[in-house]
Amino acid sequence: MAGNFRFMMDQKDIVRFLTTTVDSFIQDRLINKEQRTQHKEQCAERLAAEDGSGDKDTEVEYSDQAVLANLDWGIEALEEAINTYNMETKLARLDYAEKMLQVCAMLNPKQKIAGVPNSYLSAWAHLNLSYLWKLRNNVQNCISHALEMFIVDPFFTRIDFAPELWKSLFLPHMSSIVGWYSEERHRLMMEVIPDSADLSFTADFEQFFNESLVLTMRPHQLEKLQKLEQLYGESLDENTKLYAKYYNDCMNSDSSSSKKAVPMLPIAEPPMTPLHELSRTIPDFVKFGPILPKSAGFSLAPRSKDVLNETIRENVTSSNLKEEKLSIWGAKDTIIEENEDDSDSELDNESVDSDDKNNIFSPGMKMMKYEGVETKVDLSCQRNQIPSPDIFSPLDSPRTAPNNSSPNPDMHSKRDSKFLRLSSSRIREPTISDSLTSSPDISIDNISNADNEVMVRNNIKRKNDSQTPSMNQDNENSLVLNDSSHCESEDGYQSSSSLPKLEKLSMGSKPPKDFVCPITGQIFCDPVTLETGQTYERKAIQEWLRTGNTTCPITRQPLSASILPKTNYVLKRLITSWKEQNPELAQEFSNVNTPRGSSCSPSAKDIPMLSTRQRTTDSPNHKNKDYARQRSNRFMPAAITTSPTSVLSQAAVETIVNSLKPYISSLCTSENLPECEEAVLKIARLLKDSKTNPQIHSYLSKPTIINGLVEILSASRNREVLRTSIYILSELIFTDDSVAETLNSVDSDFDCLATLLKNGLAEAALLIYQLRPVFAQLSAHELIPSLVDVIQNKNEELDDFQLVIDPKDAAIAILEQTLMGGDEYSRSLNASSVISANGIPTLVKYLERMEGRRSVVSVLLCCMQAEKSCKNLIANRIELSPVLELFHSGNDSVRGTCVEFLSELVQLNRRTSCNQLLHTIKDEGAFSTMHTFLVYLQMAPMEHQLAVASLLLQLDLLAEPRKMSIYREEAVETLIEALWQKDFSNTQMKALDALLFLIGHISSSGKSYTEAWLLKIAGFDQPYNALMKVEQLGQHDNDLIETMEDEKNALNSWQKRIASVLCNHENGSIFKALEECLKSNSLKMAKSCLVLATWLTRMLYTLPDTGVRDVARKSLLEEVIKVLHSSKSLEDMILVTLSLYPFISDPTVHEVLRVYAKSIYRILRKLKKYSTVAADILKALLNLNSVDVTELWSCKEVVELDLSSNGEVLSLHYLNGQVLSGLMDGTSKVCDARKRIPRVIQETHEHTKAVTSLCSSGDRLYSASLDKTIRVWTIKSDGIKCIDVYDIKEAVHELAANDKLACYVSQGTGVKVFNWSEAPKLINFSKYVKSLAVAGDKLYCGCSGYSIQEVDLSTYTSNSFFTGTRKLLGKQTIHSLQIHDDYLFACVSSVDATAGKIFSLSQKMVVGSLSTGLDIHRIAINSDFIFAGTKFGTIEVWLKDKFTRVASIQMAGGHTKITSLVSDVDGMMLFVGSSDGKIQVWALD
């Protein structure tokens, strides 16, 4: 219908049509997983066929392997994205799949890779990219890739990738080409059919596509047909490509815009114009053009006529086996009326060549399907007639179940006789059309001349068949069925007397013999063909081998293979086809005699971990869910087999059952415990002797017997009986899952088993494991100590009984389930239980065994993740070779567990131990561990990529990273790429954790303490000290100094390597990623990112500059400043200051700091009391030439304390958060300055006259007064207390004291020194002293006459330190001295606009001056500023390091004289005492 309205569709309609059609096609593919899997297998078969046809000595280059691997990885990642429900994982796998598939999509289509056309790989990639964009809900890209697929490779897209889509989009446009081809083929076929002059073009048209006509062609006719089909296929391809480009232009063109030309509709022109209108009777497979079989690889044309003919014969045979139904979508267009004599017949004995199981036919040579025709087999062995041909197209799945109608019983005799005539008259080829055979123009006499030739071939075939009388298998999916008992006699003919026998053995009476297992007598559920050619039910042959037999049950040939082959899917499909045609008969032979524990039971495959001594086999991997085996829901009678080849005779079974009956009766009804115990032992013996016959198992699986065994477990105290009961139950569960369901239905049964396990019965662990309990059950019974005991202790062996699973293996599996279940708290608690039960050494030792190794690794991993402190315990005992062997041999899940385990294990608290462990990992194993990890990294799921990347990077950095390394590049790229996944916060967090652990600061408890270590470097060492205190308490070994030194050197070397690799990767790309992480709304992520960024910037400036510093500055500087502004955490702000510190020395940073200077200045002032780095940054900031300090300065008066009632404030002193004041009337007051607004908390009146001076040393306060005393005070949080009074007989005007002596100034010249015990000594230098300052054993005295005297307190001598230039007019006096950071600050009368000088005590020279026109009487200094108080109530403020004036503060009282000045220790507050008895408090923020 599309062909009728296609010319009336405008561009919008075409886009709508494309959207609907392609979207529907892609949606159907995404929904049908089985179809995708089947399609991938078929494409892989074509690749394999091409590989097999090439030169086997030719090596495939690594680059070619990489391209093919990328395609495979991309398809696998896409499948994972389709199957997962985790949106984070889905998007990540889609990104990875796109990256992999784009490699193949962009290949040059004109070239080849490993013999495979690039166009094929590119089209395959485009198909999967179309799936990918559909999953992303991007319809535009989805359609674009689907159309690109047809442009790149129209031929294989039409036959392999999207035949349904080609039919909908392109076939309606190809009618003229199909018409031309039909006419040309008609013309050729008219030359082949004798006396065909009376046939018109439309009469019997379908006969011209009959496959058998090709076989009658002459060589020159066959060559013409080949050229015709080649030209036909090329025409379809070219026009498909033309229309695909047109559709693509329509999708990309904007119909609403008139600027871009509207795409022109192309016209599909055939090589010649057809003369007749297209017939509706042309089958769809003709319209599809030539179709290349999968087994032909990519050879588009046969090499010779022989090859062509052989391909025809093989394809016809393949079609006979498949018995496909009509194309589900093309039936209406391809209906061919069936002849009354031509109906489908049933399949009996057939021969299938494994190479042809997936052949697809071309319209000229490989289209028609014939039931009942064989190749390479005696023709007279056939009992089926030749039916009318079915129609086949690429849309017919080779796995589609046939839906043929049942044959008419009245036609059997007629068909059989005809078949016999055809069979005996085949001469040139083994396939001739039924329609031609019935034609009157072809005489039987003309054909019968070849009877002798056929007879010779039949005899040869029969002799070959006699060597393998039943079946022969070449590979896991190929099967040849032979039945010599129904072939003709030795003279090569089959007599007509055999016809009744054929009818008697037809499908209507019983199943074909080859569909029935010779052991069980039942139709196959899971057939496997042994190396001897015999086929058995998988479960039956498993039990045959388990009983100790090593030969084939029928041929008695020894079996060399230890593992059963995979399911014979060819035979299984035939059986399924037969069952659908004969449902009643199939039900009779599948169910009636199938016991509950029959071969169809999948219970064996449900047990993932078995160590059963010749019992364990790989359960079949069913690729088609439609053929999944169904378990019976009720007990059935024992199967009765009458086959002469049956191994287990029914008489023997009945004998065992009769022997069991009295013991079963005792077990179920007796009240005598010893009698029941004896019955259990006898039942076990008989069960063992039955060689696990399924019928015996079914008999013992009755609920009453199960309950009797459980009662024995509850009542008996005999260990042998208990263990034997468990043996019986275990065997029954192994065979039939319903036994486990019976036990699980009663909670007390599990409680009984748990009690037995706790009482030391190791075998109870086996039964618990087989019952598959949930985590809640295991957790409720607290089985971990008992499970560890089972693993630790040597188990007693059961006499003559072999358990299906070793109890130790079962215990480990249960332990794994227990540790992996529950929440984080439960996992931690359970891991602690394993560690406290001393289970770690036992589990580590258990790794030597292959069985259960995966579970052991999983358990140890759970222990390390829950209790990181056990890593050292494991690392000191483990042998890593078993873990690496498990990694190399395991699947993706096992590899992921191994990688996580190794990644956790190397996170030790000692770098030297880590390196030793890494060397072991690197050197162990038969394969290159690093290369294996690299390959796994490229295909690992997201949840394991970070672990393997971290591990691979550490292995690579064991050597100095001087040269380029693909391992290092891939690992670092993976870690950094994870940091960019802002949509997946969990992945970002894991990446940050992995990078922090790479730094190497790991505590003995297994946690990273990089943050505490960085804070300690910044001067905030409380977190580090607290951590070390805990670590030392848990540390019992006394490390030698040499060992600690080696550890320190190893860690420093390691950190330099890590920092160099991370910083220099792709020109500092990690800093750009960290910039994004710092913007996260997650506080935890931002904190981890800040720690990592701080460490990297600190390490960056210890490495040679390669241009990365500029990248780090641009990426991080502004982000960390934002953190400084927004964070409320002290630790975060200190980390920011540490990260900023390296940038201060960079001139390019100064401009940025100028912008943020004012905002960060206040924060840094608050932080400097906690962090020395903050103080250093603040100092550097204030000294930057680009920063205007006057813009940073600000102050505010907080409060004014009015103490005027006590007179003038003569002295102030700050100590331990308190401000002490000395007043005119002798009162001393204490103010609490720990809060922003100080308040008076104490007032004392110890002195009777004015308190002239206050000073402190240590925790002592010293006060001097005009009352001729010096008092000593202790300072407490609530005030001061006088403890000593020294009466010195004279008034004291100035005091400097410590615990050894006191220096004071009285009325006369010089200074007096008092050592607290002897009489004061006068040091007279004939000058009046105005101020004092003490530094060590030196006393500096500010004297009249503009000079400073230096007194040596050890020798009591003095000398001149400084002498200034005196003026004739006015007095020049040094009013105040103060020492700060090895500098002496002197306040003097203003001379030449200079009123203060700064001296270096070490150099004894002037290093600066304070320029002001006012006399400075008092001075106060903090870490940043100098405050100078004048007598007119003004305080001048200077920058301490540069001695530049910043600002001035005017006292509120106007020109009040400033009598005292003091700043707090943090430099945040300024206290000013004045002559009017007030104390003003200023906040310097």
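Cβ from N, Cα, C; glycine included.
Keep in mind the model is a prediction, meaning the values are calculated, not measured.
Record features, source Swiss-Prot:
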type     : residues  : note
REGION   : 337-363   : region 'Disordered'
COMPBIAS : 337-353   : compositional bias 'Acidic residues'
REGION   : 384-450   : region 'Disordered'
COMPBIAS : 438-450   : compositional bias 'Low complexity'
REGION   : 462-507   : region 'Disordered'
REPEAT   : 1194-1232 : repeat 'WD 1'
REPEAT   : 1246-1283 : repeat 'WD 2'
REPEAT   : 1409-1448 : repeat 'WD 3'
REPEAT   : 1454-1485 : repeat 'WD 4'
Along the repeat 'WD 4' (1454-1485), what average pLDDT does this model show? 87
Quick one: find which recorded stretch in 1246-1283, 1409-1448, 1454-1485 has the most Cβ pairs under 8 Å with the repeat 'WD 1' (1194-1232). 1454-1485
Who are the chain neighbours of the repeat 'WD 3' (1409-1448) in space, where the CB to CB distance is under 8 Å and they lie at least 6 residues beyond its ends? 1165, 1168, 1175, 1178-1179, 1182-1183, 1189-1190, 1193, 1195, 1375-1376, 1378, 1380, 1385, 1387-1390, 1393-1398, 1454-1467, 1470, 1472, 1474, 1484
May I have the DSSP-based helix, strand and coil counts for the residues of the repeat 'WD 1' (1194-1232)? 3 helix, 25 strand, 11 coil
The correct DSSP tally for the repeat 'WD 3' (1409-1448) reads 0 helix, 25 strand, 15 coil
Going by DSSP assignments with H, G and I as helix and E and B as strand, what are the residue counts for the repeat 'WD 2' (1246-1283)? 0 helix, 26 strand, 12 coil
